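Undergrad: The following block contains the structure, expressed as structure tokens.
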Amino acid sequence: MATKLVSLWRAAQVELQGNTLRVLLLLLVTPLPCFLLILIVDAVPLRPISEGIESSQLFFVRAFVCFWIASITAYGQIKHMAQPAPLSNVKNIYLGGVVAGVTVSAMYAIALVIGYPLPFGIVTVSPVWVHLLLAPLLSWMKKARADPAVWTMCINLLKITVFRESLVFIYPTYFHFFTTVPDSGKTAFSLLLPVVKIVLRGVLARMAVHLKDEVPQIVVINVDLFKFVNDDQRGPSKDAVASAIGSKSVKYRYVRELRRVLYITEFVMLVNYVEAVIPLIFSAYLFAMYHLPNRAYYELMAHMDDDRLRGALMNVLLYAALQIASLVALNMVLWHRLQISAFHQLAFVLVK
């Protein structure tokens, strides 16, 4: 009887159904639009820097496209984090275009004053971009003060925006110091990066507390939970009412802990998926850029030959293979211990 109930429960789970090949194909195809978009932008041939800013119109057109896409994406995230925000799909597109146009104009003006190419161009104009991004929402934010719930969303939204903006400075600063550290100290200095990421994730989780289930919370699961529930339900009772209340309490705690288990598996799989996909995208991008004219403007590839390219790809792909093996092993462990198909769950999340 118990076996039939378990089989029936599994059959009812939509996220556990579906062709495995389709699930794997979805996991592989999901990053492709991002990769193709970056490749199309970099496929636009740029004029030599020696010709000056007057001959570099395509560079600023490319920057406009990048900021436009980034603005549309940012407005979509803002709408997701604060549902009452007055942002429709059409408004996201034209506001994104306006923000991108003004940002690139500011970049052009600063380049005329400081010089071309503009050093740390993205870092220099990112504060301008963020202020322009939030400017259309100021009137709505003023009205939102009357509603405490919406105002809390606005405050958290501003915190998250400032936090994301800080990443533009934190990561370049870290990698600048990493490149200046002697080779003997690079290994020790690299250990600082995971610590930085953990701290940043913790800060972001606290800022996005209003998103509830979408906040990545690291939860420690008690391995004795099921035994605890089983013992409580079988234990003798002196009072029928107390027994009923206790049973409901145990069931509630069981459901709550089970929900936390499903949530943490989803979060862990997403993190591992990203860590496996990024090296693959970088490898494909590195190989493609090596054969494009714009490689001359990238310090990493400007003087790269076939042997160096092959060595770089081998190193990155080896790391990607280890991450994929970790992802597969994690899926096997979750299936063995919890009977959860983490790949199906991950595909379900990516589709949504």
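The chain as shown is numbered from 1 upward.
Every residue gets a Cβ built from N, Cα and C, even glycine.
Note that the coordinates shown come from a computational prediction; the quantities given were computed from them, not determined experimentally.
The transmembrane segment annotation in TrEMBL covers 21-40, 60-78, 90-114, 120-138, 150-175, 187-204, 261-292, 312-335.
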Undergrad: Test the contact criterion for the transmembrane segment (60-78) and the transmembrane segment (120-138): 3 or more CB pairs under 8 Å, pairs 6 or more apart in sequence, then answer yes or no.
TA: yes
Undergrad: Please indicate, using numbers and ranges, the residues of the same chain that are 6 or more beyond the transmembrane segment (261-292) and have a C-beta under 8 Å from a C-beta there.
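TA: Those are 27, 30-31, 34-35, 38-39, 42-43, 213, 216-219, 221, 298, 300-301, 304, 309, 312-313, 316-317, 319-320, 323-324, 326-327, 330-331, 334, 338, 340, 342, 345-346, 349, in sequence order.
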Undergrad: Checking distant contacts: for the transmembrane segment (21-40), what same-chain residues at least six beyond its ends satisfy Cβ-Cβ under 8 A?
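TA: For the transmembrane segment (21-40), the nonlocal Cβ contacts are 69, 273, 277, 280-281, 284-285, 288, 343-344, 346-347, 350-351.
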